[in-house]
Amino acid sequence: MLRARSVISARALSRSYATAAPPHALVLLEHRQGVLDSGSLSALTAAEELGGKVTGLVIGAPEHVQGVVDKAKKLKGLTSILHATSAQYNEPLPEVVSPLLEKLLSNSPPFTHIVSATSSFAKSLLPRVAAKLDSPAISDVISVEHDASNNSTTFNRPIYAGNAIATVRAPSSIPIKFFTVRGTAFAAAQPQDASEAEASVLEPIEVTDSPTEHIKTTLTKSDRPDLGVASRVVSGGRALKSADTFASTLYPLADALGAAVGASRAAVDAGYADNSLQVGQTGKVVAPELYLAVGISGAIQHLAGMKDSKLIVAVNKASRVLLPSIVQDPDAPIFQVADYGLVADLFEAVPELVEKLKA
Ligand SMILES: Cc1cc2nc3c(=O)[nH]c(=O)nc-3n(C[C@H](O)[C@H](O)[C@H](O)COP(=O)(O)OP(=O)(O)OC[C@H]3O[C@@H](n4cnc5c(N)ncnc54)[C@H](O)[C@@H]3O)c2cc1C
């Protein structure tokens, strides 16, 4: 029943888009309590690379939306902004927001691309609406190119934990192309002085029968830089032994470097670090100027989250017997991606490093 309805609406969309003009992207501008997410700024850059108009979509509670719109108006690349305000959007749930997006896409103007960061919220919202409109959704895009001559769009996205890049082409017969972008692959859109984007109000759709409700949000507060955007990251692994030694060993190093703290999944699973700090395939993907991996072996799933870092430094004491002499292990996979490797006991090397940095 649902499928049949979706196909009809997709056909209707195809007809209205048949004379498709240059691309017009709709970018989801996510924010937390009025502070724009850096991932959305990267999504805006990706949308701009399509080469057409770019409209930003801001949704949120009444007390937050206007501030976000005012900041967004100054962003380079945005041609217009749509904003919807409702108390229901304070902690937005995909189930509550999807009717709004679906309705917007069923009406004019004809958006050709729906773009967002690869955030938890967008990863649930975009495929949900795409399925309703019988359109494809492509996730974690690292580069995009639109061919205006035939209205097709080509996307590149990593697969197999980043070990291969898939190239996916969406032809012109697909009226709306949904995609989420990897933040580290696109520069964040910058504010500019001139040409403010025009903002218009979008009527919210009140959802009374949502199957889910927001109970609470628990945030980890930290004075250190945000892991997702920090230019330096110090990450710790299982070798840190406990939550206390993780904190007492790594935090001084991170503070001396002005770095964010990350962790391997083994460290997170063992309770040494909060899971918001996990780097890797099932954690955050980071690409800082400096990534310092301390007591991390460099499993493929960890490498998937950090191997694009500009400078990788590893501290690892791994050793194995190699006849005729005992040598420190050059085999820990982290050493294969590291620009600099220090074969040492982290409990000696890190405090020494902190002392030297302070000096
Ligand atoms: C589906 C799936 C998804 C996954 N996703 C992720 C992910 O997102 N992120 C992630 O990190 N992992 C992920 N993993 C887990 C991954 O496979 C590894 O198990 C994990 O990364 C190992 O963490 P580690 O390097 O801290 O621990 P280990 O592999 O145990 O390595 C510890 C290292 O510390 C060194 N060491 C020990 N003592 C010292 C010391 N005193 N001084 C210096 N070095 C020392 C050891 O030589 C060793 O190299 C995933 C696994 C699966 C199956």
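In case you wondered, yes, glycine gets a Cβ from its N, Cα and C as well.
Residues annotated as domain 'Electron transfer flavoprotein alpha/beta-subunit N-terminal' in TrEMBL: 25-214.
Summarising the annotation, TrEMBL assigns FAD binding site to R238, 264-265, 278-282, 295-302, N316. Within 10 Å of the C-beta of A299 (FAD binding site) we count 18 further C-beta atoms, all protein chains included. DSSP assigns A299 (FAD binding site) to coil in the three-state reduction, placing it in neither a helix nor a strand.
H302 (FAD binding site): 28 other CB atoms within 10 A of its CB, across all protein chains. Its own atom aside, the Cβ of R238 (FAD binding site) has 18 Cβ atoms within 10 angstroms in the protein chains shown. In the three-state DSSP reading, Q281 (FAD binding site) counts as coil. Of all the binding-site residues given, namely Q278, Q281, I296, the one with the smallest number of surrounding CB atoms inside 10 A is Q281.
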